[in-house]
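The structure appears right after this line, and notes come after that.
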Amino acid sequence: MESPAFSKPLKDKINPWGPLIIMGILVRAGASVQRDSPHQVFNVTWKITNLMTGQTANATSLLGTMTDTFPKLYFDLCDLVGDNWDDPEPDIGDGCRSPGGRKRTRLYDFYVCPGHTVLTGCGGPREGYCGKWGCETTGQAYWKPSSSWDLISLKRGNTPKGQGPCFDSSVGSGSIQGATPGGRCNPLVLEFTDAGKRASWDAPKTWGLRLYRSTGADPVTLFSLTRQVLNVGPRVPIGPNPVITEQLPPSQPVQIMLPRPPRPPPSGAASMVPGAPPPSQQPGTGDRLLNLVEGAYQALNLTSPDKTQECWLCLVSGPPYYEGVAVLGTYSNHTSAPANCSVTSQHKLTLSEVTGQGLCIGAVPKTHQALCNTTQKTSDGSYYLASPAGTIWACSTGLTPCLSTTVLNLTTDYCVLVELWPKVTYHSPNYVYGQFEKKTKYKREPVSLTLALLLGGLTMGGIAAGVGTGTTALVATKQFEQLQAAIHTDLGALEKSVSALEKSLTSLSEVVLQNRRGLDLLFLKEGGLCAALKEECCFYADHTGVVRDSMAKLRERLNQRQKLFESGQGWFEGLFNRSPWFTTLISTIMGPLIVLLLILLFGPCILNRLVQFVKDRISVVQALVLTQQYHQLKSIDPEEVESRE
């Protein structure tokens, strides 16, 4: 730079202080983020750190996706400087230790150089990465430093009028007009550039800031910008075995075991009691899964009747088959085991997906503390903790309606109070019909609403204020009892599949369990009881209930939509839907037909013009030939002849 203001030698721009020990600060806060979906919401915190002192100058948190969480960050220059600059010329009095120094600092320009991408000759932390002119990429100076590739821009903010000589309102000068907390009167505004919004922020990034002075060395400070990401609504597996993603393909459909009619007692069997009811039969696969969908429909129809006017309820073929919603509730203490602590109500299955925050008991590890709104420690003694109606304890050892404090005190087990909901997804009819018609194009996959999202928290009053039935009425209704009964029946059937393989590895048992569930849904699909939508088995439901023959209902609805679509078309548009080869035929012969039509329209005119042109040329040629056979006679004037005579 040729300007006199930039003519200071490089050695004057370098402060004679030793190297900074900042590697630990640079490494400590970065963490990579694994993105599952571009639409997933995170809790993003941006932190600006003064690397000279290690203090935080700004920490701003907001909720959003990874593509739109780039806010403006407001802080003060003195937050990056501390009490004073590391200045070789302290007699000048710049810095932030005194009101006068803060006021003088406000009068100077500043420039910023990136440390995350250091250009050749720009130096290191000692020079603030500004070892020569041209390294600066942003700042507030009269030459307006800028860059098209740096990640941020840093400018001065608006200083209120009458702010005064930067007095600190927290000390004795608080009564002076214009005093501010900490005497901050050098506001800065940090904005992200387009390059910064596209960059990876998995690790902290560093910049150097220098105060521009026409005489003397330019003081240096260093700061870093870090992004910290926390997942909102964590889905944390509870239990020793996480979800196994690999699933074996189904080999054969599962047969439904129909109940056999009771046989008459054999003659001479005096021990048989006449008129005794036959032993109860467990429901078959079809009945068990249909009861699960029916119970989900009844609970949804009770709480949100507007959503069940016409909808599709789908069972997923892959794990997890159940979801837990952590809730807060009041459990009851019992000195002896209550009736619901029987062996039949205990389940060895663990939940692989739990959302929300609720009541936790026991030694909860740090990996699962995000599920806890309140954590209670068990006291000494032997008693039982029974979960409220409609809830269950999800423990690291399995599902149970009641806890034994003796077991909790002797082991490292922990439990979370949850509502248990089957993994039933809710789809609108337009989405389902569009998938089968393959006409509707979605820019992105619609968010799947599950029963846990629609009804989660109702039993404990989480969203019961908007439900006319109320919390108590919902738990006590027959619809909710029907869903709970279907859940316990299905859990019992799933657990039997695992218990039959207890002698094998637990992971192998879960693989077989997943295969069994896929076979069950395959049987329903092959029987026409449900419609296969991707990896889900969907049942049609309206205000009349769940339709057993869902495939027939799907075909009926698709035919109705096709007729309605055709009735709204004109006769010309309808031609292309009558035959599959009609469109191909038209597109094939349309080109030659258009060319032939153009020839017939403009051909005669072009031909006439061509013939006339040829005739004109021939006439000219004939005239030339005739003129070559004759010569022009010399003209004689009669008066000249008479004069000669």
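Just so it is clear, glycine is given a Cβ too, placed from its N, Cα and C backbone atoms.
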Swiss-Prot annotation of motif 'CX6CC' - which of the ranges 107-115, 530-538, 602-610 it falls on: 530-538
Feature motif 'CXXC' in Swiss-Prot, mapped to one of the ranges 311-314, 539-542, 595-598: 311-314
Asn340, Asn577 - the residue Swiss-Prot records as N-linked glycosylation site: Asn340
Of 133-153, 238-258, 490-510, the range Swiss-Prot labels coiled coil: 490-510
Correct range for motif 'YXXL motif' (source Swiss-Prot, candidates 390-393, 446-449, 562-565, 630-633): 630-633
Separation of alpha carbons, Cys372 (disulfide bond) and Cys135 (disulfide bond) (Å): 49
Candidate recorded positions Cys113, Asn373, Cys530, pick with smallest Cα gap to Asn301 (N-linked glycosylation site): Cys530
Cβ neighbours of Cys530 (disulfide bond) where a neighbour is any other Cβ within 10 Å: 30
Cys530 (disulfide bond) and Cys311 (disulfide bond), Cα-Cα, nearest whole angstrom: 13
Structural state of Asn409 (N-linked glycosylation site), classified by DSSP into three states: helix
Neighbouring C-beta atoms (10 Å sphere around the C-beta of Cys135 (disulfide bond)): 23
